[in-house]
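Visitor: Below is one structure. I have some questions about it.
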Amino acid sequence: MVTFSHVSSLSHWFLLLLLLNLFLPVIFAMPESYSFNCPDGEYQSNDVCCKTCPSGTFVKAPCKIPHTQGQCEKCHPGTFTGKDNGLHDCELCSTCDKDQNMVADCSATSDRKCECQIGLYYYDPKFPESCRPCTKCPQGIPVLQECNSTANTVCSSSVSNPRNWLFLLMLIVFCI
């Protein structure tokens, strides 16, 4: 005959087993250590540190023996890696916008380099693709620096045209 104390005891065991069933998969899925760090020049693959692949290549297959290099493969055309890495794919090469000229083509080890076309400059250094038309100095104001692909025109703040001096002189006389 099952008494109330037996049922109570069984429910405690059932509850304990239920909790274990819920938390054991979470516990075993956690990495062994949150501070698992590989030395410089290596990357983590599963629980093993592997030596990085050189620039221009990517990891086709990770190492099986710790601190050795896995299988590296050369980047495919149109892709690159600019430094030693543990990437599983190379990065896609960027494209130049319609208002830019290509300065250097993409290679396995470097991205394509673009610059603004003549008459345009980079408006925002954080976004090099943002080319804007160069400013033209007002008539009679000297140019201190010509516009180029990385900087806008710099105009002098002084007036050098004799007509402008005459205008300023007349303005002063009228004010007095």
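Any Cβ shown, glycine's included, is placed from N, Cα and C.
Checked Swiss-Prot, it gives:
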- 1-29: signal peptide (SIGNAL)
- 37-72: repeat 'TNFR-Cys 1' (REPEAT)
- Cys38-Cys49: disulfide bond (DISULFID)
- Cys50-Cys63: disulfide bond (DISULFID)
- Cys53-Cys72: disulfide bond (DISULFID)
- 74-114: repeat 'TNFR-Cys 2' (REPEAT)
- Cys75-Cys90: disulfide bond (DISULFID)
- Cys93-Cys106: disulfide bond (DISULFID)
- Cys96-Cys114: disulfide bond (DISULFID)
- 115-155: repeat 'TNFR-Cys 3' (REPEAT)
- Cys116-Cys131: disulfide bond (DISULFID)
- Cys134-Cys147: disulfide bond (DISULFID)
- Cys137-Cys155: disulfide bond (DISULFID)
- Asn148: N-linked glycosylation site (CARBOHYD)
Visitor: Mind checking which of Cys93, Cys114, Cys116 has the fewest other CB atoms within 10 A of its CB? They're the disulfide-bonded residues.
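Guide: Ranked by other Cβ atoms within 10 Å, the disulfide-bonded residues Cys93, Cys114, Cys116 bottom out at Cys93.
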Visitor: Could you check what DSSP calls Cys137 (disulfide bond) once collapsed to helix, strand or coil?
Guide: coil
Visitor: Could you pull the average pLDDT for the repeat 'TNFR-Cys 1' (37-72)?
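Guide: Mean per-residue confidence for the repeat 'TNFR-Cys 1' (37-72): 96 out of 100.
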Visitor: Would you say which of the disulfide-bonded residues Cys53, Cys72, Cys134, Cys137 has the most Cβ atoms within 10 Å of its own Cβ?
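Guide: For the disulfide-bonded residues Cys53, Cys72, Cys134, Cys137, the Cβ with the most other Cβ atoms within 10 Å is Cys53.
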Visitor: Could you state the CA-to-CA distance between the residue listed as 'N-linked glycosylation site' and Cys72 (disulfide bond) to the nearest Å?
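Guide: Per the Cα atoms, the residue listed as 'N-linked glycosylation site' and Cys72 (disulfide bond) stand 41 Å apart.
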Visitor: From the DSSP assignment alone, can you count helix, strand and coil residues within the repeat 'TNFR-Cys 1' (37-72)?
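Guide: Looking at the repeat 'TNFR-Cys 1' (37-72) with DSSP, the answer is 0 helix, 17 strand, 19 coil.
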